[in-house]
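Chemist: After the structure tokens below, expect a handful of questions from me.
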Amino acid sequence: MNNPAFDLLMWARGPGFDIALAIFIGGIVLRLTEIIILGRKKDMAPAKGNGFLQGLKTIFSRSVPRKGLIKFAPVTYLGGYIFHLGFFIAFFFFAPHIALIQDAFGISWPAAGRVIIESVTALAVLAVVALTYSRLTDPVRKSLTTFDDYLVLLLSVLPLITGYVAVNKLFGDPTMMLAVHLLSVEALMIAFPFTKLMHAVSFVFARYYNGSIQGRKGAES
Amino acid sequence: MSATLERGLNALREQIDAPVASFFTSCVSCGLCAEACLFYRETEDPQYTPIKKLDLMRRMWSREFTLLGRIGGWLGLTKPITDADLTAWEPLVYDSCTMCGRCTLVCPVGNDLTMMIRKMREGMSASGHGPVELIGAAQRHIDGNSAMGDLSKAIHAQVKNAVADTGIEIEFDKPGVDYMVILSAQEIAEFPDVLGAMARIFKKAGVTWTISSEAFEATNVGIQIGSRDIARTLVQRLVDAAEKLGVKGVISPECGHAYQALRWEGPNLIGRAYNFEVIHIIELLDQLRAQGKLKTKGMNTQKLTFHDPCQINRRGGINKEPRRLMNMVAENFVETEDAGTMNWCCGGGGGVGANERAAPLRNIAFKRKKAQIDKVNPDAIVTMCAYCHHTLDNVLEEFNMDLEVMGLTELVAEYLDDDA
Amino acid sequence: MANKPMLPELMKTHGVSRRAFMKYCASLTSLMALSPALVPRVAHALETAMRPSVIWLSFQECTGCTESITRSHAPTLEDLIFNSVSLDYHHTLQAASGHAAEAAREQAMKDNYGKYLLIVDGSIPLDNPGYSCIAGISNLDMLKETAAGAAAIVAIGTCAAYGGIPHANPNPTGAVSVSDIIKDKPIINVPGCPPIPVVMTGVLAHFLTFGIPELDELGRPKAFYGESIHDRCYRRPFYDKGKFAETFDDEGARAGWCLYKLGCKGPTTHSACATVKWNNGVSFPIEAGHPCLGCTEPDFWDNGGFYKPLSVPSGDYRKMGVAAVVGGAAVGVASALLAKAGKAKAVQNHETVDAHDLEKSS
Amino acid sequence: MDCKHSSAKDSPEKDDVFSFVTTGNAIPFLHEIKHALEHLLKTGTESVIDLGAIPFAPGDERILEEILGQGEVDATLTIMGQSHVRETAIPGVWRVDHLDTNGAFQSRFIEITFLPNILKTQPEDAERGLATLVEHLGAIESIGKPQGDT
């Protein structure tokens, strides 16, 4: 006799994860290779500032919003921050996830408690709801939004919701919900290299280029 | 040869590099660039969202520079760019963007949208979609010596006046001096007092300089219309003249895009570094101040504020220098909100000022600048770009604002300590 | 022997008082995870229950389940329950052997046709019936034959319930569970490797008093398998606080923190271990410092490794990752070179823009 | 490692650590007892709560023990192993713990009642008692008769 939920979980932990990982990593490498090999011409103008250092600095400094702008797009800014932070904390500080990272890379750190994980998860989900609402109603967001954007929002929020449901046993068989959670993550991984989710990696390059272009001129970035 | 779609697409294709690819890959269509954009903020029309202005370039990148896009293209899921597309995008790329660079600084993933607009204009102009005024200016400058036509006589006349006013000799084509001075057509035509100002300051500071009668025009319409070929020709003229005279450096005048053209794009256009340095006049004045060679006496008591030209501050990195000079001569110097790196554009840059079709939009967009100025309510506005000066003068008049606009070099010269 | 003495008679002959019977009923009710309000009904059911005939068949098994159920020597609940049934065939426990043993089974089947309870431990091989035979009869035939006259079947242990260890990859004997073969009889699965003795007796008690208990979708009595180990685990508060033992001998292990990261399958395992415990309620694996293996679940042997946390992929994903990097890079280089060639061609085809050809000819 | 574990288990530090682990079930449980006690006083309805049905951590047990405490009655019944029937410091609330012959817990209850039923003599046992007594008396009398005859 088999337990379909258990079998699905084992598939998601086994071949499912392997397939998703291969597409995820292979896809990211592919897209980054496409970008890097394209290259850029050496800048002949004598530099006034250090483009390399400012490029590196901008990778981090651009995470801080420019003064006075939040009030013009509060939903995008606050929703964006809450979602990213929530997703980050829930992903990197929930013990089962740390166990995965430890298994893969051999490093680990203390886990956060349930109250923190569940609070940030709930906040991140609410943020996605707000961001989706803003895409549906705000004229600028609406005019920019394509199918890709909604897909990305859906794929980002599903692991949060399924994870919350699986841990709290809100409904469904917990083993099944755990399997569904893993499958939702695998869907996210598979879509990652081929959707706007890719920004989570390529932003490092974009910010570096931006900072180095501005930095060479001695201008702020 | 004539402007064709193929030539334009080819030119656009040449522009796509790793930064562009990383920018398009990173965009999450959050729309925050719109909030930074002068034209969106004043019209609240979503078509002016900066990243949307780049959509054709994004399409080309996706179809020709990514595996997935290429497959999509083979399957007929995406359509190649047509001449109608380019026509539709023309007003977005030329009329509603001054390449002010604010979006570049707010993009959360770090996309340099301004640089991409500059690149996209390469394709637009090569395919015959440049604004007629800029095309005219390019032809005048290529055929003559300035975007305004032949200014040979004008500059000689203005130099003669300056010599008469100051009693200081200004020599044309004098080899071996420290600097070759170039001027923007705007200065030659509208604000020639800068010549006398420079003459007095340099004399006091012991700086020797000359003007080339072959290449004295600093503006470069090739940068604005987006044509490397035209820009290269114009830069080459300046480089040839400077190298012929054997000067130590070329002083880039109070002109935004001229600084971009000669200082930052020039070497890349001609494919080599220069044998001389390029220094902005305000950079030089601040250097002289630091060396103690620039001394002033007295202060302006009016309430003065400073307007940062986008290409010189935000995209040129000259931010603290003008403020140090302002503090030397202005007793009541008040900064506007967003002053400095995030200053609002006057609305005339990037060729928009010359573009008649853009005039109504430009006047709407100016409301942002007006609100910024109104809040401070100064007696006069100081700036370091003759084109900003020109735009501010015109629009202030249109809005019935009785405000004086002045160039920083002239203001400093006014308080020059002649006895020191 | 069946259908004769009932439990109260048995107790009387053992000199057990009514008060003891009350205590027994109270404990039995608690054991069956029923409300204390049902104690009188349990008592009544026990007083009136007939003593059923039980046939116990052991197939591909290790006798661990029988060991487990016979482990207690003191007159405990288990003893009493077992004393209330007539175990007519159990080839490990019965005195008779050979033909006599098989004759006992056949006699019991004949006498109690349609009424006896069949208990099975061990899985049934399907690849070749010869893999496991008793008295020359293959397990499959014996099960089919014995099941035909059974009132109900209790599949004791994970092997009988789900195939268990014989069913684990690569399953060389083609082992299957009872429910894979018998489709027309009520089957109560009592999985565990082995099951907790009191759970086995609790299920029997329930069968004797109230009939077939409520079962979950895997055929397990909900009373004992309704909740996960994780939900009932006394170490759960540490999980919720994010405190985990990282190795078997670190501070966390000594302090009794959660064993999730050491591979505990508690979250996906349904069993009463954490509440009923083992060895007369002394302890259970997690209390002894070892993660739950998940033995009450189908295919627990193939769950990716006992010491691998649930959230860690079970496959050799690192190899896959390296292959993906190489593959991705190769495709990426190819794609980029194609793009670069397109760009190089564009540079080559560059038509110099002249100020006089900025307008379209047409 | 086994040695280490058993020693850790016996050491006081381990117990200290565990006695503060709670599931948060103790307080709602005490409220349930309160309601049952109110019900008993109002209607005379007795309640029994099975402690085996509630997940308790050592910390919960500690809270329960601290609040309920030990009352006036403490009876030990010897029936198939021992049973402890104790009134807690909250009169009307009893703890009934059934142990097997090995001294391990079989089941544990909280009874909200004026007197737990199991303390009372059951009619069946009384009948058996009567029979035994009659038997004994019969034996004594059968011994006494011939003596009287003498």
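Placement of Cβ uses the backbone N, Cα and C atoms for every residue, glycine included.
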Chemist: From C:C193, C:C264, grab the residue that TrEMBL records in the same [4Fe-4S] cluster 2 site as C:H230, C:C233, C:C258.
Modeler: C:C264
Chemist: Suppose a student reads TrEMBL and sees C:C62, C:C65, C:C193 listed for [4Fe-4S] cluster 1. Which of C:C25, C:C159 should they find annotated at that same site?
Modeler: C:C159
Chemist: Sequence gap of 6 or more, Cβ distance under 8 Å: name the residues on the same chain that satisfy this around C:C258 ([4Fe-4S] cluster 2 binding site), in order along the sequence.
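Modeler: The list for C:C258 ([4Fe-4S] cluster 2 binding site) reads C:R235, C:R236, C:F238, C:Y239, C:K243, C:F244, C:A245, C:C264, given in order along the sequence.
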Chemist: Taking the Cβ of C:C233 ([4Fe-4S] cluster 2 binding site) as the centre, count every other Cβ atom within 10 Å, in any protein chain shown.
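Modeler: Its Cβ shell of radius 10 Å holds 27 other Cβ atoms.
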Chemist: Roughly where does the domain 'Cytochrome-c3 hydrogenase C-terminal' (C:225-304) sit in mean pLDDT, to the nearest integer?
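Modeler: Mean pLDDT for the domain 'Cytochrome-c3 hydrogenase C-terminal' (C:225-304): 90.
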Chemist: Which of the binding-site residues C:H230, C:C292, C:C295 has its Cα closest in space to the Cα of C:C62 ([4Fe-4S] cluster 1 binding site)?
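Modeler: Spatially nearest to C:C62 ([4Fe-4S] cluster 1 binding site) by Cα position is C:C295.
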Chemist: Write out, in the order they occur in the sequence, the residues of the chain not among C:C62, C:C65, C:C159, C:C193 that have a C-beta within 8 Å of the mean position of the C-beta atoms of the recorded [4Fe-4S] cluster 1 site.
Modeler: C:E61, C:T63, C:G64, C:D121, C:G122, C:G157, C:T158, C:A160, C:G164, C:I165, C:P194
Chemist: What binding-site residues in the list C:C65, C:C159, C:C233 lie within 10 angstroms of C:C273 ([3Fe-4S] cluster binding site), counting C-alpha atoms?
Modeler: C:C233
Chemist: Take the C-alpha atoms of C:C292 ([3Fe-4S] cluster binding site) and C:C65 ([4Fe-4S] cluster 1 binding site) and report the distance between them in angstrom, rounded.
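Modeler: Computed Cα spacing between C:C292 ([3Fe-4S] cluster binding site) and C:C65 ([4Fe-4S] cluster 1 binding site) is 18 Å.
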Chemist: Spatially, which candidate from the binding-site residues C:H230, C:C233, C:C295 is nearest to C:C65 ([4Fe-4S] cluster 1 binding site), comparing Cα atoms?
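Modeler: Of the binding-site residues C:H230, C:C233, C:C295, C:C295 has its Cα closest to that of C:C65 ([4Fe-4S] cluster 1 binding site).
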Chemist: Determine the Cβ neighbour count for C:C292 ([3Fe-4S] cluster binding site): the number of other Cβ atoms within 10 Å of its Cβ.
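Modeler: Its Cβ shell of radius 10 Å holds 28 other Cβ atoms.
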Chemist: Taking only the binding-site residues C:C159, C:C193, C:H230, C:C233, which one has a CA atom nearest to the CA atom of C:C295 ([3Fe-4S] cluster binding site)?
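Modeler: Of the binding-site residues C:C159, C:C193, C:H230, C:C233, C:C193 has its Cα closest to that of C:C295 ([3Fe-4S] cluster binding site).
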Chemist: Would you mind pulling the DSSP three-state label for C:C292 ([3Fe-4S] cluster binding site)?
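Modeler: DSSP call for C:C292 ([3Fe-4S] cluster binding site): coil, neither helix nor strand.
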